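Colleague: My questions all concern the structure below.
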């Protein structure tokens, strides 16, 4: 066997292993939050970025082995940005044989008209985009709207709200729209951005950059993203631990009186879970909770079956 064949074989092995991990992450998120149910019609929002391409690919893959029936329709919003390659997504989706719809709305022109030069456009752009996608979901008869946000996006949102909004608020894996008509799901909620990036590179998706928001310097989200990436490099496992913390909230040890009845604690009350530990030194584990070295993780992947059950 030639050296090139050996490299190709190794690359394919690594790609299969990576895809299994992403399948497992997505399958677990779907099961944990009951994202997809029998007969669902999922509107997959496809921007042309690595995240949405990966989401569509993994959902298509799961669709073949899932114990329930659900359909997919890919939707792209053409916002009329200058230089947007209109042919890329239709050609890609037709090659896959995926049902799709391209929605054309000049939100770019509205944003440029309303937002002064130098100001960030993300807020208005996202509001306009959200309204159009909700309308499109109704027109298509979609029961769920799938967005491509991943674990890193969720953590970034948590820190953005803490640093700038004064709220302990993240980005939920599943939510009901404000009008109560649409359910939004984020199947990549458990997926790492670096895994998605590696998968997108290996699959050579035809990436379309966002020239409107991606080119804006000093965005608050970008500052947070850089901070988290730096933490991940310097303190391996910290990202995993922080995400685990979002899944293990103890309301009695925070300060929100809407979440816990502090006034109701009186003599004779039941013991609050872990309440008296406030006097003791915290026992901190030697390794971050929910984290294991890359090598161990890869070995575990080899032992797992390539089957993800969608409930």
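Glycine residues also receive a Cβ, built from the backbone N, Cα and C atoms like all the rest.
Positions annotated as motif 'PP-loop motif' by Swiss-Prot: 47-52. Residues annotated as [4Fe-4S] cluster binding site in Swiss-Prot, with sequence analysis given as evidence: 122, 125, 213.
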Colleague: Return the average pLDDT for the motif 'PP-loop motif' (47-52) as a whole number.
Modeller: 96
Colleague: For the binding-site residues 122, 125, which one has the sparsest Cβ surroundings, going by other Cβ atoms within 10 Å?
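Modeller: Candidates: the binding-site residues 122, 125. Fewest Cβ atoms within 10 Å: 122.
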Colleague: Sort residue 125 ([4Fe-4S] cluster binding site) into helix, strand or coil using the DSSP assignment.
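Modeller: Helix, per DSSP.
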